Structure formats: C-alpha cells, structure tokens
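In what follows, a single structure is set out as structure tokens and then discussed.
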Amino acid sequence: MSTAPGLLRQELSCPLCLQLFDAPVTAECGHSFCRACLIRVAGEPADDGTVACPCCQASTRPQALSTNLQLARLVEGLAQVPQGHCEEHLDPLSIYCEQDRTLVCGVCASLGSHRGHRLLPAAEAHARLKTQLPQQKAQLQEACMRKEKSVAVLEHQLVEVEETVRQFRGAVGEQLGKMRMFLAALESSLDREAERVRGEAGVALRRELSSLNSYLEQLRQMEKVLEEVADKPQTEFLMKFCLVTSRLQKILSESPPPARLDIQLPVISDDFKFQVWKKMFRALMPELEELTFDPSSAHPSLVVSASGRRVECSEQKAPPAGEDTCQFDKTVAVVAKQLLSQGEHYWEVEVGDKPRWALGVMAADASRRGRLHAVPSQGLWLLGLRDGKILEAHVEAKEPRALRTPERPPARIGLYLSFADGVLTFYDASNTDALTPLFSFHERLPGPVYPMFDVCWHDKGKNSQPLLLVGPDSEQA
C-alpha cells in the first residue's frame with residue numbers, strides 16, 4: 001500500500017517548528033523534535049538535568065539524547081522531492097482533499113487513495129480555509145489570557161504561602177513567648193514544620209509555574225506560526241495549514257490543570273493549647289482577665305460587693321427593676337463591666353458548692369428584659385449546674401443538653417474565649433495544676449460580648465452561695 005501524499009512529510013516534521021526535522025532527537029517518551037527546538041522550548045533543566053517533554057510533559061534529558069539517524073536519513077531522502085510536489089507521483093499538489101485535510105496531486109485525486117473523496121481546487125481551498133484563521137487566532141489568544149491569569153494566581157499563592165507562614169510563626173511566638181525557654185523544643189518542631197510546608201508548597205508552585213510558562217511558550221510559538229502561515233503563498237499555506245491546525249488543537253487539549261494549593265499547618269487553637277496544657281498545666285493560658293461585676297446590670301435581688309468581684313442573691317424582698325434596659329428584670333443575673341470584642345481571654349469563677357448557676361457570655365446587643373431563652377440564637381452561650389449535680393450546656397434546643405455527670409461538681413470554672421478561632425471552652429479549674437475541659441461552643445461570635453453570670457434564685461437559702469471572680473492577685477472578695 002502506498003503512503004498517502006503529505007503524510008510522510010507530516011510525520012517527518014517537528015511538532016514545534018513544523019519544518020522537516022533538523023538533527024532530530026527522540027525523547028524517552030517517544031516524541032521526536034529538532035534538537036534545537038527541544039532545548040529552546042523546554043527551557044532551563046531542573047536540578048536533576050531533566051526537562052518536560054513539550055508534548056506530554058514526561059521528563060527527559062535533552063543533552064543525553066543522540067541524533068536519530070533513521071529519522072535523519074528519511075528527512076534527507078524526502079528533501080530531494082521538489083517542494084509542492086507529490087512524494088509518490090512527483091506531480092504538483094494542485095488539489096485539496098477535504099476528507100483527509102491534505103494537498104494531493106491529480107493522479108492521487110483521480111486514481112489513487114483519494115479517489116471519491118471530497119476534493120477542491122487548491123485555490124478555492126486556500127480562500128476558504130484562510131477565513132478560519134481569525135477564529136483560530138482568537139482561540140489561541142484566549143488560551144494565552146487564561147494561562148497568564150493562572151500564572152498570576154500561582155505567583156499570588158506563592159506570596160500567600162510566605163504570609164501564611166509568617167502569621168503562623170507570629171502566633172507561635174505569641175503563644176509560647178512566656179515559656180519560650182522551656183518550650184524551645186516545641187517551637188523548633190513547629191518551625192521545621194512550617195519550613196517543610198513552605199518548601200514543599202514553593203517547589204510545587206514553582207513546578208506548576210515552569211509547566212505553565214512552557215505551555216505559554218508553546219502557545220506563543222503557535223501564534224507566531226499562525227502569523228507566518230497566513231502570509232505564505234497558496235501552496236505552502238495549504239501544506240502547512242493542516243499541520244498548524246492539528247498542532248493547535250493538540251496544544252489546546254493538553255492545557256495543564258490548575259494547581260491546587262493545600263497548606264496544612266498546625267492550628268494554634270484551643271485544641272492545640274490543651275495538648276500543651278496537659279504538660280504545662282496553666283503555663284500557656286492567657287493571664288486572668290481582671291473582670292468586675294457591673295452593678296447597673298444586676299437583677300434587683302443581687303448584691304455586688306464593693307470590690308466588684310463578689311455577687312450573691314439576697315433573701316430579702318427586692319424592689320422591682322427600673323426601666324433601664326441594661327438591667328436584668330427577670331433573670332437573676334449580672335454581666336461584667338468589661339466588653340470583649342477580639343483576641344483571646346481567660347477568666348475564672350469560684351462557684352463553690354452552689355447547687356445552681358450558669359456562666360458564659362452574652363451578646364452586647366442581646367435583650368436583658370423578660371424571661372431569657374438561653375440559647376446561642378438569642379445571644380447567650382452558657383454552661384450551668386442544676387440540682388447540684390447535673391451540668392448542662394445551653395445549646396440550640398428546647399432543653400439544655402445534659403453533660404457527663406462528674407463525680408464531684410466543679411468548685412471553680414475556667415472560661416476560655418478565642419474570637420479568632422471561634423471557640424468558647426469551659427474548664428473545671430478546681431485543681432490549680434490542671435484544667436479539665438467540660439464543654440466547648442464552636443462558632444464565631446457575631447460581635448462583642450459581655451461575660452455573663454446567672455446567679456439564679458436563692459431558693460429559700462438553698463442556693464444563696466455567692467459567685468466570686470478570681471483575679472490575677474487571687475483576691476476574690
């Protein structure tokens with residue numbers, strides 16, 4: 001069977017320059033190129049001396065490739081055929097086969113393998129196909145724009161990696177600052193992890209950049225080829241048009257996928273700190289907040305001490321609440337004077353053997369009038385004790401959620417609030433050397449909050465014990 005006219009020339013043409021091979025080399029993946037074209041398009045080799053194959057992105061070493069002598073001899077033989085003539089019949093290529101998208105001679109068209117195909121005179125085919133160039137050029141330009149945007153995104157992600165690691169190191173330094181000497185080993189470990197992530201992310205992103213830049217070079221090269229082909233004479237245009245179109249569609253179909261960046265670093269959060277607390281007890285806990293009760297917010301039955309750190313429910317009949325909406329009129333509660341709006345905070349409340357209480361935070365704009373529905377949607381995040389033994393979390397439900405009953409109810413409650421992490425955690429702080437987690441709300445607070453203290457009704461003296469704020473100086477009264 002004879003070879004179809006033009007097919008041999010197509011097979012012996014470099015996919016990068018679209019010319020007959022010049023010093024052809026065959027990569028390890030099987031694709032062949034002019035040696036100079038491969039070196040030019042592949043760019044600088046990686047550390048291991050390899051470059052990506054422009055056709056399939058497989059790794060190859062261009063300097064180690066020897067000239068493909070078999071291809072070179074075929075090219076040399078084909079070069080003897082006059083330009084624009086049939087390789088089989090040596091007649092002028094004057095007819096265009098639409099079915100096979102190639103130029104053929106009159107013999108191929110009437111008697112050869114293209115007999116019965118859809119055929120056009122070369123001049124008519126030239127005029128018709130040339131009108132398709134603007135659309136193909138537009139596709140190429142659009143592909144260039146998309147990949148240029150991808151390059152910009154990757155470069156921005158490289159900056160984000162640096163910024164993420166910088167913020168992470170700052171958080172590590174802030175959390176471990178007070179105990180830096182003791183925790184040097186931990187900080188070193190975290191720093192190495194950050195360096196590893198930055199290194200791996202950087203290598204991955206630079207690899208993607210290299211691949212995209214190589215792909216962009218192919219697109220730009222094709223754009224130049226299109227411009228050159230557009231100005232070629234009829235015969236040469238038709239000979240190269242199919243090669244250009246085929247190569248263009250192949251390049252567009254081999255667009256590298258967008259990079260996905262997944263930075264995984266330990267989160268400096270409540271969980272992270274609790275693991276450290278188990279070894280360091282309270283060493284890394286934020287300093288105790290110097291909170292004081294706000295008498296103007298207290299229910300009329302509550303008595304706040306002069307120091308502002310003690311509050312109890314009086315058994316004497318209290319006057320009705322005033323019209324000040326900042327004051328609780330039904331719930332026997334009080335808030336702190338201090339408004340919390342950012343950062344992290346830790347405070348402790350001595351509850352002693354008080355059988356009923358509730359503690360937590362209250363949204364600054366939450367209502368304090370009437371019977372309160374203590375759930376997060378109403379701006380209340382509370383943990384309480386009922387009947388001297390049942391711990392309850394006031395979650396979003398009709399009834400509070402009963403927690404695991406401790407062997408002994410906590411005598412002191414620690415509350416940790418982190419706005420950045422969206423965490424409010426309650427601890428049993430009865431043991432001065434350890435913190436035992438009781439419950440956590442995991443949600444970002446919608447705005448500033450006040451520490452809230454529901455003293456609860458005195459219950460005819462059964463629940464008259466006070467709540468005491470534990471201060472940095474350990475004075476509670």
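Note that Cβ sites are derived from N, Cα and C of the backbone, with glycine treated the same way.
Residues or ranges marked as zinc finger by Swiss-Prot: 14-57 (among others). Remote same-chain residues near the zinc finger (14-57) are listed as 63, 65-68, 71-72, 75, 78-79, 210-211, 213-214, 217-218, 221, 225, 240, 243-244, 247, 250, 254, 256 (criterion: CB distance under 8 Å, separation of at least six residues from the stretch ends).
The Zn(2+) 2 binding site feature in Swiss-Prot is assigned to C29, H31, C53, C56; the stated evidence is similarity to another entry. There are 16 other CB atoms within 10 A of the CB of H31 (Zn(2+) 2 binding site), with all protein chains counted.
Summarising the annotation, Swiss-Prot assigns zinc finger to 81-122 (among others).
Feature annotation from Swiss-Prot assigns Zn(2+) 3 binding site to C86, H89, C105, C108. Secondary structure at C108 (Zn(2+) 3 binding site), as computed by DSSP, is helix.
Annotation comment: Swiss-Prot describes C97, D100, H114, H117 as Zn(2+) 4 binding site. Cβ neighbour count for C97 (Zn(2+) 4 binding site): 22 (other Cβ atoms within 10 Å of its Cβ, all protein chains included).
Per Swiss-Prot, the feature coiled coil maps to 135-232; the stated evidence is similarity to another entry.
If you take the C-beta of C144 (S-nitrosocysteine) and look for same-chain residues 6 or more apart in sequence within under 8 angstroms, you find L216, L219, R220, E223. The S-nitrosocysteine feature in Swiss-Prot is assigned to C144; the stated evidence is similarity to another entry.
Counting only same-chain residues six or more apart in sequence, the Cβ atoms lying under 8 angstroms from the Cβ of S255 (phosphoserine) belong to A143, R146, K147, Y215. Swiss-Prot lists S255 with the feature phosphoserine, giving a large-scale study or a structure entry as the kind of evidence.
With all protein chains in the displayed structure included, the most crowded Cβ environment within 10 Å among the binding-site residues C29, C86, C108 is that of C108. In this structure, the binding-site residues C53, C56, D100, H117 were compared by how many other Cβ atoms lie within 10 Å of their Cβ, and the smallest count belongs to C56.
Candidate binding-site residues: H89, C105, H114. Fewest other C-beta atoms within 10 angstroms, H89. Apart from the site residues C97, D100, H114, H117, the chain places the Cβ of E98, Q99, T102, V104, C108, A109, S113, R118, L119 no farther than 8 Å from the centroid of the site's Cβ atoms, the recorded Zn(2+) 4 location.
What surrounds the Zn(2+) 2 site, by Cβ distance within 8 Å of the Cβ centroid and not counting C29, H31, C53, C56, is the set A27, E28, G30, P54, C55, Q57, A58, T60 from the same chain. Counting in whole angstrom, H89 (Zn(2+) 3 binding site) lies 13 from H114 (Zn(2+) 4 binding site) by their C-alpha atoms. Proximity to C108 (Zn(2+) 3 binding site), judged by a C-alpha distance within 10 Å, picks out H114 from the binding-site residues C29, H31, C53, H114. According to its DSSP assignment, C56 (Zn(2+) 2 binding site) is coil.
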